[in-house]
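Asks: Annotation comment: Swiss-Prot describes 17-88 as domain 'S1 motif', evidence class sequence analysis. Per Swiss-Prot, phosphoserine is recorded for Ser49, Ser52, Ser158, and the stated evidence type is similarity to another entry. Feature annotation from Swiss-Prot assigns N6-acetyllysine to Lys141. Look at Swiss-Prot and you will find Thr279, Thr281 tagged as phosphothreonine. Sequence annotations record features per position, and here Swiss-Prot assigns region 'Disordered' to 292-315. The compositional bias 'Acidic residues' annotation in Swiss-Prot covers 299-308.
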Amino acid sequence: MPGLSCRFYQHKFPEVEDVVMVNVRSIAEMGAYVSLLEYNNIEGMILLSELSRRRIRSINKLIRIGRNECVVVIRVDKEKGYIDLSKRRVSPEEAIKCEDKFTKSKTVYSILRHVAEVLEYTKDEQLESLFQRTAWVFDDKYKRPGYGAYDAFKHAVSDPSILDSLDLNEDEREVLINNINRRLTPQAVKIRADIEVACYGYEGIDAVKEALRAGLNCSTETMPIKINLIAPPRYVMTTTTLERTEGLSVLNQAMAVIKEKIEEKRGVFNVQMEPKVVTDTDETELARQLERLERENAEVDGDDDAEEMEAKAED
């Protein structure tokens, strides 16, 4: 089956001052030739004078073939198909927004393209028709090209009735819902922080236990907190949640409570690693670390037992 393709948005060309995502195809004397990724790879050009605000010493340091770049549209000739672009006029804030919009629009595109493949479409016109009857309906409804469809599809995970108004047959609707659920159902993330908690005063380990218990009490039903000992005085705090921001907030809150409690007892609190979302690789490394410590502790216990047995034998 041939690879189907279609632009991301209803309008065939970007407007002047739109910030768009491009892929650099080649570099010539006049400038860089690029493909506009959101507009079915139509060609555009970044003139050399629009690459940087500074004097250009090396083009390759500014732009490279094969790399994606956020650029702003400065001229569009729809009849001739000329699109002039600028890299130097894009602010860091605009680049961040462009990347976010591109990521969400690409997700919608991937969903609809997979729907087309499952339904065995063979023509680009069929894919474009699917866009017209789904993504572009929501983009137009919410007046936010790229975001409208993404937000509607995300909402459809919990409320598929949002798709009822679309002009889809039963097969199209079923395949679309299945693909939306597969791609957009929220994934739980694990959040971790490493802390040091110690008390060298009279209450010692009891003060540490009390402070850690106070931190555990910050758990909620949807965000349970776990605290594991790595090696005194270092502990790892973790929580698993669908809400990344709230998860970070809950761990920060628990750390503040632990700090307050241990310092009341004249103990010490240090943050070794601020709360962050951890990957499977991080988790595997932590599990390996804990396993190694457990093994080392078991070996120490074994040595103690051996010494006791030797002492008894001598008696």
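Just so it is clear, glycine is given a Cβ too, placed from its N, Cα and C backbone atoms.
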Asks: Could you give the Cα-Cα distance between Ser52 (phosphoserine) and Thr279 (phosphothreonine), in whole Å?
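Replies: Between the alpha carbons of Ser52 (phosphoserine) and Thr279 (phosphothreonine) there are 36 Å.
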Asks: Based on DSSP, tally up the residues of the domain 'S1 motif' (17-88) by helix, strand and coil.
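Replies: DSSP composition of the domain 'S1 motif' (17-88): 10 helix, 36 strand, 26 coil.
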Asks: Whole-number Å distance between the CA of Ser158 (phosphoserine) and the CA of Thr279 (phosphothreonine)?
Replies: 26
Asks: Quick one: Cα separation, Thr279 (phosphothreonine) versus Lys141 (N6-acetyllysine), in Å?
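Replies: Cα to Cα, Thr279 (phosphothreonine) and Lys141 (N6-acetyllysine) are separated by 37 Å.
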Asks: Using CB atoms and a 10 A radius, I'd like the single residue among the modified residues Ser49, Ser52, Ser158, Thr279 with the highest neighbour count.
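Replies: Counting Cβ neighbours within 10 Å, the top one is Ser52.
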Asks: Where does the mean pLDDT land for the domain 'S1 motif' (17-88)?
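Replies: Taking every residue in the domain 'S1 motif' (17-88) and averaging pLDDT yields 90.
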Asks: Where Ser49 (phosphoserine) and Lys141 (N6-acetyllysine) are concerned, what is their Cα separation in Å, rounded?
Replies: 39
